[in-house]
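Novice: Have a look at the structure that comes next, please.
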Amino acid sequence: IPERDGSGDLLSHQPQRPTSVRSCLLKNALFISNLFFTVMGLVVLGMGLWGLITKESFAQERIGHIGTDPMLVFVFLGLTLCLLCLMGCVGSLRENSCLLRLFSGAVLILVAAQVLVAIAAYSLQDQIVPVLRSGMLMAMVRYQDDLDMRFITDEIQMNLQCCGADNYRDWEMNLYYNCSAPGVQACGVPASCCIDPLENGTVWNSQCGVGAQQLVEFSAQSVIYLGGCLGGIARWIEQNKQLIGIVGIALLGVQILTLIVTTRLLDNIQWSKAISSQRDVES
């Protein structure tokens, strides 16, 4: 039964409306987190565009095959992340419940997917190295025939300062670098295996790895990298595993915090709308 005051008016037991300060803090927190992930999305997008430009994928003779370029994955991920963050920013600033629900749902899916990937990677960690080895060997076999494989292989070898999957002699399985091949590349390795692939520090020397497989390791070590890329990847992970763990947990934590802030902001918006509607009815 509704209670009445001395004058006979109804006493409305309304919960207090969320303060504007709290709503402002929630909006700013959501905006900052979205800004952070927008920067990440732009970085991923930039990586994809850099790969496309470096491989000259926009050239007239290659533009017809751009649809199968793996760099488009980075472009798509970057654009998706930026669009998602834009949705969160607009939803928070305009207090749009529909956009905020879509945003929170997408973030929830991303968090769940990352947790599942982490669990799968931990469970299948013994199979990761064989999968990487088979992928690297396949890329080496198709090195001359697939521009994407060549680009990825060269970037891995130059950045990790390695050559081949296990060692530089793995390149013998390539049709053109095999010692029985008729061309000038026989018994050689790609220039990305060379310690100094630039002639005079400026010109790319594509012949610096010619005949490298015929050299004994003592002589070859002054010309090319002897170690395989699988070892380089393992060493990089071992050296940076703490940093990888911290960054991964931090990113996941920020996403979970973003999800919590979005939920609280949605509650505030719904609460404010409910109070406004009740006041309109009473008036």
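Glycine too: its Cβ is placed from the backbone N, Cα and C atoms.
Residues or ranges marked as disulfide bond in TrEMBL: Cys163-Cys179. Residues or ranges marked as transmembrane segment in TrEMBL: 29-50, 71-93, 99-124, 243-266.
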Novice: Provide the number of Cβ atoms within 10 Å of the Cβ of Cys179 (disulfide bond), excluding the reference atom itself.
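Specialist: Here the count is 12.
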Novice: So for Cys163 (disulfide bond), how many other CB atoms are inside 10 Å of its CB?
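Specialist: Result for Cys163 (disulfide bond): 28 neighbouring Cβ atoms inside 10 Å.
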